[in-house]
Every structure is written in C-alpha cells, then in structure tokens.
Amino acid sequence: MAEYLASIFGTEKDKVNCSFYFKIGACRHGDRCSRLHNKPTFSQTILIQNIYRNPQNSAQTADGSHCAVSDVEMQEHYDEFFEEVFTEMEEKYGEVEEMNVCDNLGDHLVGNVYVKFRREEDAEKAVIDLNNRWFNGQPIHAELSPVTDFREACCRQYEMGECTRGGFCNFMHLKPISRELRRELYGRRRKKHRSRSRSRERRSRSRDRGRGGGGGGGGGGGGGGGGGPENVIEGGQEIVKDPDDSEPCHFYLLC
C-alpha cells in the first residue's frame, strides 16, 4: 500500500495531494483547494508571485481602449525585465541554474517568476530577503516552490502553438527571451563578478527614446549635485533609491 501511495503521489490519481501544486507550484483554487498543497521546507526553486507586468495586458488609454504595443517593444521590455531580475538574483543570492517567467493570464500564474538556484541554501536566503523588498512600487511575495523539472510544468501544446485554452491554461506558458540575451546571461556564469552596466545603458537608451531624443539636457541639472540618494515613499514605507542610478531602480529595500 505504501509503495502504491508513493507511486501516485502528485499525480492525478492522488486524491489527497494536489497534482497541480506539485507540478506547477500554483493552483487556481488556492487555499480553497480540496487537496493538500505540500509546501516544501527546502528547494532549489523559488516562486516570485505576479511580478512581471506584460505591457500588452496593461497598455490602455484614458477611454479604456488598448494601446498598440509592437512586438519589438514587447521583446525589449521583457528582455530588460528578465535581465534585471536574473542579474539581481545571481549578484545578491547565488548562482542561478534556470529562470522562467509565465505568460499566462490566470490569477494564480500571471507574471509568476520561477528561479532555480544551484544551491538550496541560496534559494532559502533569497525567499527570506525578497519578502522584505519591493519591485516597481509593489511588495514582493516569494516562497519556496516544489517545481524542479519545468518540462513537467510546461504546456506542451503551447510550445507547439496548439494550446486551445489560451492564457487561462493551468500549465505554464513560458515567455522566451531573445537568443542574444540567453547567450549573454547563461554564457557568462563562469565569471565571478557581473556588471549591471549593460542593463543600465539599455534602460537609459529606452528612456531616451521615450523622451524623443531628449531636448538638450536642460532639465537634468538642478538637483543632481549634492548629497546622497533621496528616499521616496511607496505605500507608506520609505524606499531607498539606488545611489548609482539617476532614477529609482526597480528593486527596492523595505525599510
């Protein structure tokens, strides 16, 4: 009997434990699920919930109609997001084996980021620290995830362009990064120290394009001189700016 129960654990035949939570680390029923969500006490993988905001889903005009976002702009936006998060994870917590971002629309999967570290200790450290940080003005919610094999968690039909459930599929629809960025991030892991300069330059170029090339530098002057970084208030909390950036970086400390 024990062998049988072990063989069906986490499968659809298991009537006690939730197979979706076991495979994907998320379930559309949440805490109301009739089956158990066995949260791991140790894992290489962490889940950062709902952190990626797809501009295509949120770009609306004042009258509620959707703004057109080109495929090129979408990929640039996503690559910048991915590079920033990946670099932050490696520089602050430890070597990343794999990082994946969900492009699903269901509340339990939308914008989820899964980071698989090489060491379980690094994953634990990341969860503890990230739950005291903010990203883009929102508090971060991170937890250890049971997912270690993303092949089991992914929608195979989506990978073949044949998923009929669209964004509300309960298996992961993983958003790919550009080949260039993949080579850059995963090819540089042998180096001990990684610079964030490329990410900053890319964000700076993106901001310059958004300003239309920029009108002469008149504005930058006044407050730039002087002391340390200003703090900003987000949600009643004091958030520290990155002293190396001219604008607040995306990751914030919760003071």
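Cβ coordinates come from backbone N, Cα and C, glycine included.
Unlike curated records, TrEMBL annotations are generated automatically.
Feature annotations, reproduced from TrEMBL:
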- 188-208: compositional bias 'Basic residues' (COMPBIAS)
- 212-229: compositional bias 'Gly residues' (COMPBIAS)
- 12-40: domain 'C3H1-type' (DOMAIN)
- 44-147: domain 'RRM' (DOMAIN)
- 149-176: domain 'C3H1-type' (DOMAIN)
- 185-247: region 'Disordered' (REGION)
- 12-40: zinc finger (ZN_FING)
- 149-176: zinc finger (ZN_FING)
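Along the domain 'RRM' (44-147), the predicted structure has mean pLDDT 90.
Per DSSP, the domain 'C3H1-type' (149-176) is made up of 11 helix, 3 strand, 14 coil.
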